[in-house]
Each structure stands twice: as C-alpha cells, then as structure tokens.
Amino acid sequence: MNEENKSKQEIIDTEVALGTVHPAALEPYRVRLFVEDEIVKDAEITIGVNHRGIERIMEGLPVEKANALTEKICGICSNAHIWNSVLTAEKGLEIEIPERASYIRVIMEELERLHSHLLYLGHGSEVLAHETFSMRAFSIRETVMELLRMIGGNRVQYGVSIIGGVRPRCELDDSRIRKIAEGMDLIEKNVANFADRFVSDPIVMNRITGVGQISAKDAKKLEVTGPSLRATGVHQDLRETMKEYEPFDFNVITLNDGDVKDNILMRVLEIPESISIIRQAIKNLPKGSIVDRSWEMKDTGIIHSHIEVPRGTLYHSYALEEGRVRGTIIRTPSMSNIGAMQLACIGNHVTDAQLCIVQCDPCFTCTDRAIEIINK
Amino acid sequence: MSLKSFSRARAIHLMLVYTGGCNGCDIEIVNCVLSPKFDAEQYKVFLTWNPREADVLVVTGPVTKLNEEPLKKIYEAIPNPKAVIAAGSCALMGGVYKNIHGDIPSEEIAGPVENIIPVDAKVPGCAVRPQDLLSGVVSALPKLLNAD
C-alpha cells in the first residue's frame, strides 16, 4: 500500500464505539462499529462487564440451593434456568416427576415465553422509536405478569420447580385455572389487534423490511438458536424432542427472510402457539400430587440437559457429589446469538445497528459466563 | 417554593443505570414508566438516558468491579441537586452474588451501591415491584425540591 492510499484508508475508516453504559442499550455491553460512509462494514460486540461468577458461587452448594441460584442468572427467563437445572438433577438421580407437575412446569414455561416475546415486541418498538406500539406491547404483557405473579407469588423470580415436582404454593386450583383461561382469551384478542395494526402500518414495515438480514446458511454456521434461527427458515425447535411437550400439539413456525421484520413476526406468530399449548394444558390437567419427595440423593457423573427456552437453547451441566454441585457449566442462548448480532449489523446503516442487535433478542446478563474457547 | 422547585416538581427525570444484576429489576423499572398500567409519566416522572438531564439516578444490580468507574462518572455528570435510589436487593446489599459462602466475599462484586456513591432512598425487593419504586422516588423528592 503506497502512502497516498494509506492516508485515504485512515479517512474513511471510522469507528463508532458504544458502551459500556449507553442510552441505546439497556444492559452494559460494548459495541464497536467500523463505519464507511455511514454503512457498517464490521461490528464487534464485547461482553464481560456483567460477570458475576455464578458457576463459581454454585460450586459446592447443596443442589437445592444451587437450583434456586440459577434463577438469578436472568430476570427474563428465570423459570427456564431453574427448570433446566432441576431437570439436570432429575436426570442424574433418575426421578420420575408426577404428570401434573410436568404440566404445571409447561404452563409456566409457556407463560414465560409469552412475557419474553411481548417484552421483545415492546423493546423492539422502543428501539424503532415507536413508543405507542411499545406501550401497547407492555400493556398486553401486564396480563401475563399478573398470571405469573398469581402462580409463582412474584412478578419476576417465581421459583416454581423443585427436584421431584413443583412447589406446593404453585398448585393450580379451579379459580386459578379460570383466571389463566380468561387471561389467554384477553391476550389472544389483544395480540391479534396489535399484529393487525403493526403489519398494516406502512411506515413501520418499510423501516424494518430487509434490515439486518441473515441467511439460513450463515445462521447455521454461527450456530444461532431459537426464534432468530427459525426466522431464517431453519426448522429447529427442541420442544419437539422434549418429553414434557409430548402431550401437546403445536406448530413450529418458520419464516424465510431472517430480517427484523421476520424476527418480529416470528414472535407475534409464536404467541398463539404458546396460548394453544397453555389451553391444552389447563384443559387436560391430570389429577394427582404435584411433588414426589421419595427420591434419594446419590453421587453422579457429569449430567447435562438441553431445553428450548424463549430465546433459544439453554444448556446446564454439573456433577453431584454428596448432594453438592460440582463443575457447573451453563450456556445461554444469547451466547450463540452474538455472532448473528454482529453479522446482522454489517451492510446496514449505522442508525439501524442497534435495531439489528436487538432483533436477535439479546440478554447479555445471562451471557456473561466464563467460557474459554480453545481453537484446535 | 421557589420557581425552580415548582418547575422541577413537574418534570422529574429518572435515569436508570444497570450495574450487573439479573435484568429483572431493570425491566420492572422500565415497565413502571412505559406500561400503561403503572404509567409513571402521569405523575410527571420521565425516563431519560442522559445523565445531564437527570434528577434522580436509579441504580440496580450489585455493581461489578468493571462497572464501578462508569457509575461514579455518571453520578458526577448529574447536575445538583440530585437523588440516588438503590433499587433491588442486589443494590442494597449485594444480593445473592456477594458473600454467598458466608465469609468469603465475591471477587467480582465491588458493591453494594452505598460503598460507591451516596444513596438517598432504598427500595427493597427481588425484583422490585413497580409500585415500590414509585414510592421510593416520591420519598426522595423532598431532597430535590427543598434544595433551593
């Protein structure tokens, strides 16, 4: 490269750095956008500010305590974490939980999926600077939060699952079932109205169509998970393989474009599926006890469990030694979606960069894990 | 009541800083301003992301060591008079992340918030309830309004 070209290079290569604390991002993380003529040429997301060392804290705790602690990893998919952690222990200890408990866990998980997706719609609309849609989404979400508070006793951390079943305070009696059914009707109606308004708004649809596109090939290569993967056209949902979801009929929705529009529509279309699962669950709720306390603790090797959570695939793994947890590994969905966030920014206008990051439903709080990647 | 306090009482700007908690409190606080059910804006409380505009700083999370410096800078950037609200059990005493093994303090946590910046009001809860946060903001208001 000669001298003249070099100086030119320096002029057009501009770096826009956001973070770690920045108005556009709720959570602290660092984004570096390499910009040329206001078009993003490369993006880099750095995390690590939130690292609290949950795995380190879990080391050596009694398994019941450790399960409760996993819930504090994330305030959005807290039920998913405790569920998967309990499932891991149950797998190792070979515990069969009562069918009614399994149904209640599925109901909680689907309610959580509703609240996560509605939060995505609200947050996404806020990033789009469309505050009316944002307020509408938050208003619909309030119904779900009330149902979660009714069952779990708290609006965010519910602590429903315990080893062997669910907590007795989360038993669903007739009045609770009736309230859930009423809530589902209300949410279905409101979400349909919201979606109608959203897709028939030409300004919003023009703004989001074709922005932040990811192809199915790239998504597979980057190991994107969850709705962000399904929005690119790949049919993958771990709920199809999970034992808990066997009694329920539901469709796995896929869309083709993988842009912000498809990501938003993906969440909108998944909401009726979740509502249908909850309806089937409360209709066929089996009778019987909700917790089986006849299990015995024993030492196990390394056990692990994958489940589908609102944002993708969640992985927990640990070994049990005298009832204590050893060597925890947790992998959260946003960890594998970071690659997609970086890729989605490339080629878009710099003002759309935040939208491209938000389209993959990031939760950097979950993601700050100590993971050492060894290139071989 | 001076003219300044009179007008300040009609435009309280909240700034939310997130220092490494679990997201639960943050969403509840954003929810408390954006959701039509709680709608803090009807009490003339607005959410802002600019420290130079803010009157009240709401801090959530146990303050990880990497977040200590940004938090101090944000606190210094807010013009006087200012009030600080620590929201959630992590911000009050480190939550589950600090001192989980009894005597061994965590290597990651610099908090709670009190150790770093002065706190005027404390809102307990894991996660905080939106109603509690609103009453916390109201209890911090006299400091702002009686300043001049």
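Glycine is treated like the rest: Cβ placed from N, Cα and C.
Per TrEMBL, Mg(2+) binding site is recorded for A:Glu55, A:Ile330. The annotation Ni(2+) binding site is assigned in TrEMBL to A:Cys74, A:Cys77, A:Cys363. Residues or ranges marked as Fe cation binding site in TrEMBL: A:Cys77, A:Cys366. Per TrEMBL, domain 'NADH-quinone oxidoreductase subunit D' is recorded for A:131-293.
Location within the structure of each feature annotated in TrEMBL.
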{"residue": "A:Cys74", "record": "Ni(2+) binding site", "contacts (Cβ under 8 Å, 6+ apart)": "A:Ala80, A:His81, A:Thr332, A:Cys363, A:Thr365, A:Cys366"}
{"residue": "A:Cys77", "record": "Ni(2+) binding site", "contacts (Cβ under 8 Å, 6+ apart)": "A:Glu112, A:Ser116, A:Val309, A:Pro310, A:Arg311, A:Leu314, A:Cys363, A:Cys366"}
{"residue": "A:Ile330", "record": "Mg(2+) binding site", "contacts (Cβ under 8 Å, 6+ apart)": "A:Ile54, A:Glu55, A:Thr70, A:Ile73, A:His81, A:Leu314, A:Tyr315, A:His316, A:Ser317, A:Arg369"}
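DSSP assigns A:Cys77 (Ni(2+) binding site) to coil in the three-state reduction, outside any helix or strand. All protein chains considered, the CB of A:Glu55 (Mg(2+) binding site) has 19 other CB atoms within 10 Å. Taking each of the binding-site residues A:Cys363, A:Cys366 in turn and counting other Cβ atoms within 10 Å of its Cβ gives the largest count for A:Cys366.
Under the DSSP three-state reduction, A:Cys366 (Fe cation binding site) is assigned to helix. In the three-state DSSP reading, A:Ile330 (Mg(2+) binding site) counts as strand.
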